[in-house]
Amino acid sequence: DRQTLVAVLQFLRRSNLRESEEILRREARLLGDDLGGNVATVATSSPGVAAVAAVPPGKGEARGAAGSVPSLGGSPGKWGARVLLAASGALRYAGAQGSVSGAVVVEDQPDVSAVLSAYNQQGDPTLYEEYYSGLKHFIECSLDCHRAELSQLFYPLFVHMYLELVYNQHESEAKSFFERFHGDQECYYQDDLRVLSSLTKKEHMKGNETMLDFRTSKFVLRISRDSYQLLKRHLQEKQNNQIWNIVQEHLYIDIFDGMPRSKQQIDAMVGSLAGEAKREANKAKVFFGLLKEPEFDVPLDDEDEEGENEEGKPKKKKPKKDNVGSKSKKQDPNAPPQNRIPLPELKDSDKLDKVMNMKEAARRVRLGPECLPSICFYTFLNAYQGLTAVDITDDSSMIVGGFADSTVRVWSVTPKKLRSVKTAADLSLIDKESDDVLERIMDEKTASELKILYGHSGPVYGTSFSPDRNYLLSCSEDGTVRLWSLQTFTCLVGYKGHNYPVWDTQFSPYGYYFVSGGHDRVARLWATDHYQPLRIFAGHLADVTCTRFHPNSNYIATGSADRTIRLWDVLNGNCVRIFTGHKGPIHSLAFSPNGRFLATGATDGRVLLWDIGHGLMVGELKGHTDTIYALRFSRDGEILASGSMDNTVRLWDAVKAFEDLETDDFTTATGHINLPENSQDLLLGTYMTKSTPVVHLHFTRRNLLLAAGAYSSQ
């Protein structure tokens with residue numbers, strides 16, 4: 001891709017990065033082309049892509065920390081071709097089969113004109129419709145087994161051909177091309193096409209994010225070798241260079257050997273902003289097992305001595321993430337090393353809490369198809385402030401609501417009222433040695449059922465209690481995440497890092513760490529005692545709408561408006577899984593208590609189930625008719641509850657959904673997933689509210705299901 005490469009070389013020269021420029025020239029020559037003057041040519045031998053980039057000397061190794069971009073082999077994301085993947089001026093390639101297509105790099109904003117110049121005019125504008133309809137005719141007349149696979153080409157080719165026409169100022173041809181073929185695209189691309197239809201002039205393309213994403217991230221198609229050969233032969237016979245050039249330049253074709261996939265198999269996996277995930281993206285090893293619990297003795301009460309708790313069985317802080325059968329003290333073979341990431345020490349109060357937890361767990365109801373949970377629904381009445389977020393503490397003693405009027409409101413759900421600590425003057429009078437000192441420091445005069453926390457200057461979109469119930473996080477449209485003390489009910493810290501609205505935040509199951517995700521398309525990992533984020537997870541092509549910690553705290557899942565879910569490694573910031581298949585922005589995530597599976601819900605009303613270890617979709621639960629905002633597994637993982645804007649809570653049989661999965665190597669290698677036709681036999685029950693969309697679900701330690709939402713009088 002000669003032009004882009006020249007642009008990169010010129011950029012390096014302008015920035016006085018002679019060393020990098022020399023290296024790039026040498027690398028280019030390695031690929032077998034001679035260099036003349038200040039022009040370098042690179043042979044593109046296959047549709048593989050590499051992001052080539054340079055960092056001024058001294059920027060340090062690019063890894064997932066403090067503003068650098070972690071993903072080396074992942075698909076180029078928000079920073080697309082601007083990904084800065086190099087240390088001290090050296091160049092790296094993150095590509096397939098060694099072929100390189102240049103990517104112009106600027107520190108923060110992409111050099112739009114350079115990115116767009118790839119749409120240099122090659123073909124006759126009047127023939128574009130003919131090219132496209134010719135290919136369409138060929139694909140529609142091919143054998144059924146190839147047709148489904150090759151039909152995936154329609155959408156990316158349509159977009160690139162349209163953008164090429166617009167860029168080269170053939171506005172009338174572009175308009176007629178759009179009108180003639182936009183109706184043929186799959187229904188789940190309608191929103192993207194609406195954005196596209198507004199780009200009718202070259203000027204509109206400058207600085208249009210959607211446009212740049214499409215330009216800089218290659219659209220990934222997974223096609224069998226037979227279908228690919230068929231396509232290649234057709235295009236070369238027809239000498240249809242225009243389409244072949246787009247295929248080579250803008251698409252990444254992930255070719256696999258074996259049977260072509262069926263229409264159902266392809267439909268299950270496509271629909272995201274950049275096509276499917278490359279198979280390489282889901283190959284890394286993930287430690288999805290649970291960490292071994294610290295051992296300590298459980299003091300037995302008189303009434304507990306019937307031996308309910310023989311082993312003083314250890315429990316997680318977030319017991320919903322724990323299996324009742326986990327009595328064995330053996331290390332889970334799939335668990336990460338205990339010290340892989342530093343976790344906070346257990347305090348005495350944490351140990352007490354664990355003991356309480358075990359006592360509760362002993363009385364826990366075993367759920368199943370025959371024994372469904374009772375559901376207690378908390379309805380926020382007259383919430384004219386607009387309820388935007390809810391969370392419930394692990395012991396179900398407090399509930400918090402985030403509101404559109406920028407307040408955070410905390411309620412006590414038990415008879416015990418919320419009290420603040422006394423003032424410093426009063427505290428100095430207390431006898432610190434007395435047994436009930438923790439009771440004495442609380443100020444009875446402040447006791448109330450509700451505390452209102454003021455501080456944000458925009459709607460509060462996410463709230464999360466710390467596992468020890470001492471702290472509360474809230475994130476807002478004002479771009480900040482705030483940490484509140486539940487001892488004093490005041491704001492302790494405002495974390496500034498996102499410059500745009502922050503859509504979600506969540507504490508780690510071990511406390512101390514938390515994650516936030518927002519409109520700037522990145523998720524950030526924080527620790528409560530650091531002002532700056534510890535990790536920045538970059539790669540999504542649109543807003544990060546929801547975030548969740550894995551029960552072992554070593555991984556974070558993020559769902560995005562680019563219709564993909566990514567799993568990130570907290571240790572090094574790498575993206576280790578990319579899941580595609582939803583047809584709308586993702587709004588809810590839930591890990592199964594044993595850490596092996598992930599459930600995701602989106603605006604398309606489907607719940608998808610994923611096997612984390614194999615990186616595969618293993619189930620699809622259909623039933624909701626609107627966005628799914630809440631997902632939760634029961635404490636033992638037998639039941640999955642989903643709550644939606646369609647005013648229902650649905651219960652699904654999780655055991656049945658995950659049993660006898662076909663996760664053989666062939667499936668993993670090719671993505672030939674076989675989802676059961678009908679998810680109705682997994683649906684255990686549907687519970688309607690009168691007119692309350694469900695925004696949060698929570699299983700208590702005894703497996704009572706709590707749900708929450710604001711009544712909307714339509």
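Backbone N, Cα and C define each Cβ position, glycine as well.
Among the features that TrEMBL reports, domain 'TFIID subunit TAF5 NTD2' is placed at 123-251. Broken down by DSSP into helix, strand and coil, the domain 'TFIID subunit TAF5 NTD2' (123-251) contains 101 helix, 7 strand, 21 coil.
Annotation comment: TrEMBL describes 298-309 as compositional bias 'Acidic residues'.
Annotation comment: TrEMBL describes 298-350 as region 'Disordered'.
Look at TrEMBL and you will find 321-332 tagged as compositional bias 'Basic and acidic residues'.
Summarising the annotation, TrEMBL assigns repeat 'WD' to 380-421 (among others). Taking H, G and I as helix, E and B as strand and the rest as coil, DSSP gives the repeat 'WD' (380-421) the counts 0 helix, 20 strand, 22 coil.
Counting only same-chain residues 6+ beyond the ends of the repeat 'WD' (453-488), those with a CB under 8 A from a CB of the stretch are 317-318, 347, 349-350, 353, 386, 388-395, 397-398, 400-410, 418, 420-421, 494-507, 509-511, 514, 516, 518, 526, 528. TrEMBL lists 453-488 (among others) with the feature repeat 'WD'.
For the repeat 'WD' (495-526), the list of distant contacts is 77-78, 316-318, 321, 343-344, 458, 461-468, 471, 473-483, 532-538, 540-549, 551, 553, 556, 558, 560, 568, 570: same-chain residues at least six beyond its ends, Cβ to Cβ under 8 Å. If you look up TrEMBL, you'll see 495-526 (among others) marked as repeat 'WD'.
If you look up TrEMBL, you'll see 537-578 (among others) marked as repeat 'WD'.
If you look at the repeat 'WD' (579-612), the same-chain residues 6 or more away from its ends with a CB under 8 A from one of its CBs are 188, 268-272, 275-277, 282, 286, 288-290, 320-323, 334, 542-543, 545-552, 557-561, 563-567, 618-633, 635-637, 640, 642, 644, 646, 652, 654, 657-658, 661, 663. According to TrEMBL, the repeat 'WD' annotation covers 579-612 (among others).
Residues annotated as repeat 'WD' in TrEMBL: 621-653 (among others). When pLDDT values are averaged over the repeat 'WD' (621-653), the model yields 94.
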